Amino acid sequence: MQPLQISAIVALVVAAIIAIVVWSIALLEYRKLLRQRKIDRLIDRIRERAEDSGNESEGDQEELSALVEMGGHDAPWDIDDL
């Protein structure tokens, strides 16, 4: 093989690896975005039910807690523990 062919093959392999890494990062960010949207919808639903009935929905709070624990993220609301 000529050096030009070898360098072309190496360039294609490097480009494929870079593409896989970029798409993997994009997929992870997209999944994080979907999880955050789901959490936001649950928070909105809890707020609406609390306004309507005067108390919060236990099922929605449990689902929200499970999502927050599953994602390993802190609570999406602000907590001031000063």
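Quick reminder: no glycine exception, Cβ is built from N, Cα and C everywhere.
Some features that Swiss-Prot has for this protein:
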type	residues	note
MOD_RES	Ser53	phosphoserine
MOD_RES	Ser57	phosphoserine
TOPO_DOM	1-7	topological domain 'Extracellular'
TOPO_DOM	29-82	topological domain 'Cytoplasmic'
TRANSMEM	8-28	transmembrane segment
For the topological domain 'Cytoplasmic' (29-82), the mean pLDDT of the predicted model: 74
My understanding is the cutoff is Cβ-Cβ under 8 Å with a sequence separation of 6 or more in the same chain; which residues meet that for Ser53 (phosphoserine)? none
Sequence-remote contacts (6 or more beyond its ends) of the topological domain 'Extracellular' (1-7), Cβ cut-off under 8 Å? none
Kindly report the helix/strand/coil residue split of the topological domain 'Extracellular' (1-7) according to DSSP, in that order. 5 helix, 0 strand, 2 coil
